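Asker: I have a structure here, written as structure tokens, and I will follow up with some questions on it.
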Amino acid sequence: MSLPLNNFKRALAEGKPQFGLWAALADAYVTELLATAGFDWLLIDNEHAPNDVRSTLAQLQAVAAYASHPVVRPVRSDSALIKQLLDIGAQTLLLPMIDTAEQAADAVAATRYPPQGIRGVGSALARASRWNRIPDYLNTAADELCVLVQVESVQGMENLSAIAAVDGVDGVFFGPSDLSASMGLLGKPGDASVREAIRNGIQTVLRAGKAAGVLAPDPAIAADYLEAGATFVAVGTDTGLLSRAAADLAASYKKTATMAASPKGGY
């Protein structure tokens, strides 16, 4: 039995654009459906969506047969949470609210076994090692792990060069909503000054030889960030897609019914 390859990590290293979708409905059936839609990656969100370890496990199992790569975001960058997510088989993590190089280094250390890091050894109980059926898992696991850190504050942007330079960080993801709030522009992630900060940040990350990512549901803004050099871009959320489609469908039928009930001219 072989260690699963992380083709998403390879794509980022090769600079191939990867388009993703937020999976926030916290349901394995929905996430499996999304995995058939053609996205390169899906973000299983534990920070703002009602997920836990078991629901995340179910979603990892649900998408395992498909090409869409699961990226898991814990509620915070915490070594115990990281250990649990890695043990259930997550190979790519998006770690939120990273403000300093020290925090980024701690995040990387949490994904590595000693002596390179502090990840606890429990491979006999872990789906990730296929319950010790993957030969030499302990020595090879890190080769297929992708560590993405999320920079989403003024402090993080000030420390961006140092964060991106941390060994073991594969990419930096910018969070426009929290960044805009930190800049005093709450609720304005598309503000020109926020976009300029992110464009400059993308260049900083690229100079460090790392991949840059961002959430950009607006096609024009997404195109702007891609032109700036972003590699992995989340272009929407499942909640947004469902909410808009449901509202549009209801509105279209109400409009049809209203037109049908309107008085008609005639004799």
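Every residue gets a Cβ built from N, Cα and C, even glycine.
Marked as active site, proton acceptor by Swiss-Prot: His48. Look at Swiss-Prot and you will find Arg73 tagged as site 'Transition state stabilizer', backed by similarity to another entry. The site 'Increases basicity of active site His' annotation in Swiss-Prot covers Asp87, and the record cites similarity to another entry as its basis. The divalent metal cation binding site feature in Swiss-Prot is assigned to Glu152, Asp178.
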Asker: CA-CA, which of the recorded positions Arg73, Asp87, Glu152, Asp178 lies nearest the residue listed as 'active site, proton acceptor'?
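Answerer: Nearest candidate: Arg73.
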Asker: Please report the distance from the Cα of Arg73 (site 'Transition state stabilizer') to the Cα of Asp87 (site 'Increases basicity of active site His'), rounded to the nearest angstrom.
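Answerer: Pair distance, Cα basis, whole Å: 14 Å.
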Asker: Cα-Cα separation of Glu152 (divalent metal cation binding site) and Asp87 (site 'Increases basicity of active site His'), in Å?
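Answerer: It is 27 Å, counting Cα to Cα.
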Asker: What's the number of neighbouring CB atoms sitting within 10 A of the CB on Asp87 (site 'Increases basicity of active site His')?
Answerer: 19
Asker: Within 10 Å of its Cβ, which one of these recorded positions (His48, Arg73) has the largest number of other Cβ atoms?
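Answerer: Top count of Cβ atoms within 10 Å goes to Arg73.
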Asker: Can you tell which of Glu152, Asp178 has the most other C-beta atoms within 10 Å, given these are the binding-site residues?
Answerer: Glu152
Asker: Taking DSSP three-state, what's Arg73 (site 'Transition state stabilizer') in: helix, strand or coil?
Answerer: strand
